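Listed features, source TrEMBL:
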- 1-29: region 'Disordered' (REGION)
- 1-14: compositional bias 'Basic residues' (COMPBIAS)
- 15-24: compositional bias 'Basic and acidic residues' (COMPBIAS)
- 30-104: domain 'U-box' (DOMAIN)
Amino acid sequence: MMISSWRKRRAAKRAGKEQQRNENGDMELTIPRDFRCPISLDLMNDPVTLSSGITYDRESIEKWIEAGNSTCPLTNQVLTSLEPIPNHVTRRKIQDWCVENRSHGIERIPTPRVPISSVDASEIILKIDVARRKQDGERCRALVAKLKSLAKESERNKRCIANNGAGRALSEAFAAFSVAASSSFDDNIAVLEETLSALITMFPLDGEAKGYLGSAPAMHCLIWFLSSGDLSRQRNSVLALKELVSSMEEQRKTPNLFSDIKIEAAIEALFKLIKTPI
């Protein structure tokens, strides 16, 4: 039904284009068929190919897949993989065509950044887990910074990273290095700051991630950040506490979430923060 509707829209769009050309009587620049996305019928900015062998513009086909479809829109073939592959050959041909037709007002499409794949995201998250277990703060900080940078590149990257368990991994790392910080805070402050900064981009968190973030060592670290006077630490800590407070209803079902936390200390730190002009 959806494919039939899409084909009707495509036919209507083509018919309208022909009618306009005939009425105006002017020669109109025609975009080569292979350069058009079969879904939007527009010039592809980021051509990607599915397992069916059909090439689409990334934005259009990802919307199709995110809508819950697992077939190729054009062939209705069931896809063996939902990860589109960049079609560099077609993209370079489109760029060359754009350059050749600059006189017609065509701008060259930029070379897109390849978004992170589920495999790449899972690999980085696994490495963060390994660094956490080894208590390698510097290695963990570098990996978290890389993950945060990739997440900031696009909403698509952020969703991919979050869907592969980044919230859990970052919360667990924050809790683990908070424990270590109780004896050597100066050695772990860099990784804790970086991890918290990345963690807030993964909100909302699931129950497992909130469990780690709501642990006593992690909460003590958040309270210390609130009292530290550093605006970035304070902001991130407030956002983290807000995320935890949002799960107070869940606390009734999982009472251990805040069992060992000194709530009074958190309230006192927040009170001081409110009283202190920024």
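Each residue, glycine too, has its Cβ placed from N, Cα and C.
Secondary structure by DSSP for the domain 'U-box' (30-104): 28 helix, 12 strand, 35 coil. For the domain 'U-box' (30-104), the model's average pLDDT works out to 94.
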